[in-house]
Each structure stands twice: as structure tokens, then as C-alpha cells.
């Protein structure tokens with residue numbers, strides 16, 4: 001196994017790319033800037049707590065906005081952009097012939113790419129959080145490490161998940177152009193289309209059940225199916241888990257939920273009512289998250305292994 | 001143990017995108033646009049040998065080399081390199097093989113030194129074994145080693161890839177068109193390095209579409225044409241064959257177009273006759289011994305021979321005849337008639 005050599009090469013190469021410098025600068029400005037702006041200027045002293053920014057959620061049902069949700073969209077874009085060309089570009093320029101002339105297996109190449117590119121995005125991200133940390137200290141804001149640190153860890157996992165998705169696309173695509181289009185399409189699905197589809201499927205199931213004469217599905221069941229499908233989206237998984245870190249599981253299930261969902265689950269998921277069902281629990285969502293990190297790269301590898309260069 | 005063994009190897013490339021392949025397989029249609037790049041290739045290269053792999057562009061040389069390295073997989077047949085299966089044990093093959101691939105590019109943002117260090121760590125060499133500086137020195141880019149390779153010229157990129165191939169002292173060198181992009185002095189240095197490596201006992205397998213490069217360094221050559229191996233022989237034996245061939249150019253007084261070309265062509269040892277009416281001359285390609293018979297035949301047809309010259313066919317002519325191109329002399333006979341025996 002020589003994936004270390006490939007990962008090292010990837011890191012050395014990417015660390016010099018303008019794209020990385022740009023995204024690092026962006027993370028610094030975005031995370032550090034947001035913290036400085038929020039706690040230095042906007043919020044009064046009694047709100048000087050990191051949770052008021054990194055745990056900022058507005059869930060009015062018809063209107064939802066959250067800092068983690070917004071940041072996840074941006075991070076997803078940066079991570080995808082860092083990885084979607086990692087194999088197709090090497091194939092198009094011919095650098096892959098140098099890498100695979102050496103005793104690197106295709107597994108070494110894919111694993112090395114994942115670690116190298118992942119490390120680059122995570123490094124940029126951590127510099128951003130460092131800037132935020134400095135801003136928090138400078139403004140005398142209480143940090144609350146018991147939620148700040150898990151939040152950063154979740155953000156790192158999100159970055160790796162999207163690096164993995166981009167790498168998987170790159171390994172499967174025939175050309176850079178194909179990889180670009182697939183990445184854009186997938187980003188659109190994660191960012192916009194996932195929600196209506198996840199809401200549509202329980203309705204479809206309900207309709208099918210009625211037609212089959214089994215009778216309509218209970219509203220609560222429909223909502224749980226819908227939520228389960230929504231939580232398969234890594235963006236939503238991240239947002240919900242971050243909310244859980246700050247506000248606990250029951251409250252976190254209301255984040256970004258529709259009014260109908262909020263009404264259905266608000267009381268049912270309270271600890272007194274038996275809490276959150278296992279397949280919607282934080283543990284299950286963590287598994288979904290890990291699957292997004294492992295599966296796309298693995299599938300990409302199996303396809304790439306069988307191909308001619 | 002043979003260094004390289006190919007047994008009945010065929011490679012067909014499927015053309016078209018995934019969708020068109022899917023549609024065709026659903027319709028059960030014949031794939032008419034598939035390309036057979038290599039057909040039934042069997043070849044053995046012994047250890048310590050310097051083998052030149054010749055053929056025009058598109059003859060299947062690079063595809064063959066790509067199969068040795070597991071860049072592409074044979075459709076049929078078996079390949080063993082240094083005793084390892086080229087597909088299942090490709091990492092073992094490449095651990096002992098230095099490769100200068102065709103159509104490669106360097107990592108623009110990495111320096112020359114970082115490239116060689118990447119090669120060394122991929123080959124699991126420690127610093128002493130690798131001796132990166134010595135290798136950079138040897139290929140002549142030590143001065144530029146700490147510059148980003150994106151700024152290298154084509155020739156420097158070629159040298160850099162050679163450095164990556166040489167690091168760790170491989171048992172086998174596979175060089176695909178090693179001189180492309182190099183100036184004559186660079187090509188000479190490349191040949192010297194090949195010779196040095198061969199003297200150390202390294203097996204060298206290299207491809208070229210230019211015969212001259214092969215001539216000086218190779219023990220044996222194989223000639224590819226349209227995916228098939230049309231000749232495998234030693235350079236000496238090829239030269240003997242080519243010496244047997246010569247070209248005879250005859251100038252005659254009188255109307256050359258009255259010549260009975262068929263009768264000349266029918267003579268023993270004559271391969272082709274080309275008549276150039278405008279210059280009152282004809283060109284005959286024949287074995288050396290047939291020259292007098294040709295002159296006699298012309299005179300017996302009543303044509304006076306005013307002048308004639310013979311030219312021994314070069315190795316180049318032979319190569320061109322193997323690869324399906326006529327020697328340049330016959331191509332020039334623009335308005336002449338041509339008859340082949």
C-alpha cells in the first residue's frame with residue numbers, strides 16, 4: 001500500500017493551488033467575520049455566547065434559516081469543487097499515467113486522493129474556525145466548548161462527505177465535462193430538490209395505500225417517513241445534528257421542518273412520549289453521515305478499478 | 001524467465017458513450033465502430049535484452065505498452081511481465097519497472113524534485129536508496145530541480161519522467177517513444193542512458209516510429225502494423241534482408257512509354273517497375289542479382305540505356321515496406337505508370 005505517497009503528493013499539489021488559498025481566505029472571512037460582526041457589533045452583551053451564532057436557527061415552519069444550514073451549503077460547494085476533478089483532470093492531462101506507472105494500485109490512488117484532498121479542505125476549514133475562535137476570544141464571548149468542539153467535528157465530517165461524493169463522481173465519469181455536470185446536478189438535488197421529493201414520497205405511498213384498499217396512512221407515520229428521507233441528505237443530517245448538539249434531540253427535529261411536521265412531532269418526540277424513534281435518532285444520523293463518507297468513494301473505486309485509462 | 005511474455009493478446013476498444021453501448025446491447029446490435037488496436041499478439045522478450053518496438057503511429061504500440069502496465073486490459077490473451085501477471089499482480093510489475101509513458105503530463109504545481117520524491121516514496125525507497133539528486137543529475141535537469149514542473153519544456157518533462165523511471169534501479173525499463181520532444185542532442189543522451197542501463201543488465205523495451213533510434217541500441221526489434229506483429233528479428237538479420245534489395249534507376253534514349261512493362265516485371269527477382277515518361281527513365285526495385293537481367297531485357301526491347309545507377313535499400317526502406325508504405329523513391333514517380341510483381 002502506497003496511499004501515503006499519493007496523499008502526500010495530493011496535499012503538496014493542492015496546497016499550492018489558488019483555489020485552496022481562495023477557499024481558506026473565504027472560510028476565514030466567513031467564520032471569523034461572522035463571529036466578529038455578530039459579537040463585536042450586532043448582539044448586545046447578554047447574548048455573547050457562541051451558540052447564538054453557530055447554533056442560530058429560525059424555524060417558523062414556512063420560513064427557516066440557520067447558520068449551520070447556510071454554512072453547510074457553502075462548505076458542500078467548496079468540498080465538491082475540490083474533489084470532482086481529482087481523477088478526470090488527471091486522466092485528461094495524462095498525469096495519471098505518471099502516478100500509475102509507479103507501483104501505486106488504483107486503490108492507493110483513490111484512497112490517497114480522498115485523504116489528500118480531504119486534508120486540504122479540512123485544513124482550510126480549521127483555519128476558518130481558528131479565526132472564529134480568535135474573534136470569539138477578542139469579543140469576550142463565552143464559547144461553550146462542549147458544543148463548539150462537537151460542532152467543528154461534525155463540520156469536518158460534512159466536508160469529508162462531500163469530498164467523497166465529488167471523488168466518487170470523478171472516478172466514475174468519462175470526462176471532466178461529465179463530472180462537472182454530474183456534480184452540478186447533484187448539488188442541485190442536495191440543495192433544493194431533495195426536500196420536495198422527500199415530502200412527495202409519503203404522499204405517493206399514502207395514495208397507493210388508499211388505492212390498494214389498505215386505508216390511508218396515519219399522518220404521524222407519513223411525517224416520520226418524510227423526515228427519515230430528509231435526514232438521508234447530508235446537508236440536513238449536518239444541520240440537525242448541530243442543532244442537537246446545541247438544543248437536544250427533540251428540539252433539533254423541528255429544525256427546518258415544515259409547519260405540518262412541527263405540529264405532528266412537537267409533542268410526540270418529547271422524552272415523556274418515548275423520545276425520538278431509533279431510525280431518526282442522532283446515532284442513526286451519524287451512521288448516515290459515515291455512509292456518505294465511505295460509500296461514494298468505495299463505489300467510485302470499484303467502477304474505476306475495472307476501467308481502461 | 002522471460003522479462004515480457006505476451007500470449008495471443010487482443011485488445012478491442014469499444015467506441016461510443018455508455019448510453020450508445022447500452023442501446024446497442026438492448027437492441028442486440030453488432031458493434032460496428034469497435035476498434036481492434038492489437039490482434040493476436042504473441043511476443044517474448046528475454047531478460048537483459050534491449051528490444052525495439054517499431055511501427056507507424058496507430059499501429060498498436062502504445063496500446064501494447066499500456067497493457068503491460070495495466071493501464072488498459074486485454075480483451076483476450078495473457079500477459080506476464082517479470083514473471084508476474086500483468087493484471088492481477090500489476091503493482092509487483094510496476095515496483096520493478098521504470099516507465100516513461102506516452103501522452104503523459106507532469107503535475108504543474110510540483111517541482112521536479114517533488115516528482116522524483118513522489119516516485120521514490122511510491123517505490124518505497126528510503127533516502128539513501130533513492131538518491132534523488134544523482135538521478136536528477138543523470139537526466140540533466142538538476143539545475144531546474146527546484147522549479148515548478150509546469151514551467152518545463154517538453155524535453156525537460158520527458159527527462160523528468162525518465163528520472164522518475166530510473167529512480168530505484170528498475171529491472172525493466174519500458175519507454176514509449178522516449179525521444180519525442182527531445183532535440184538531437186537530447187535524443188543522443190537518451191540513447192546513452194538506455195545503453196548504460198542495458199549494460200547493467202536491465203531489460204529495455206522501447207517503442208519508436210523512427211528506425212534510426214532503434215538501430216544503434218537494440219538487440220532485436222519487432223515491427224507492428226495495424227495491430228499485428230509483422231516481423232520480429234535481430235537488427236543484423238534485418239539488415240541482411242535489406243541488403244538483398246536494391247533500387248535501379250535507368251535512363252534510356254528513345255520512347256520509354258513503348259516499353260513492355262509486363263515483360264520486365266516478369267523477370268526473376270524484380271519486385272516493381274515504375275516508368276517516368278517525362279524523364280525518359282524507369283525505376284526498378286529488385287534483388288541485387290537481377291540488375292543485369294533488367295538491363296538485358298531493356299536492350300532486347302530496343303531501348304538504349306544511356307545511364308543507370310543503383311542504390312542499396314536502407315533499413316529504413318525495409319521498415320517502410322513492412323509497415324505498408326512504399327519507399328520514398330517510388331512515391332515521387334508522379335505521372336509514371338506502376339506495375340507490381
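Even glycines carry a Cβ here, placed using N, Cα and C.
The feature transmembrane segment, as given by TrEMBL for the ranges A:91-113, A:114-136, sits at A:114-136.
Tallying C-beta pairs under 8 angstroms between the transmembrane segment (A:278-304) and each of A:54-80, A:114-136, A:148-172, A:179-197 places A:148-172 first. Listed by sequence, the residues of this chain that lie at least six past the ends of the transmembrane segment (A:114-136) yet keep a Cβ under 8 A from its Cβ atoms are 3, 6-11, 13-15, 20, 23-24, 26-28, 30-36, 39-40, 50, 75, 78-79, 82-83, 86, 143, 152, 155-156, 159-160, 163-164, 167, 297. Away from its own ends, the transmembrane segment (A:148-172) comes close to residues 50, 54-55, 68, 71-72, 75-76, 78-88, 110, 113-114, 117-118, 121-122, 125-126, 129, 179, 182-183, 186, 234-235, 238, 241-242, 245-246, 289-290, 292-297, 299-301, 303-304 of its chain (Cβ-Cβ under 8 Å, at least six residues beyond either end).
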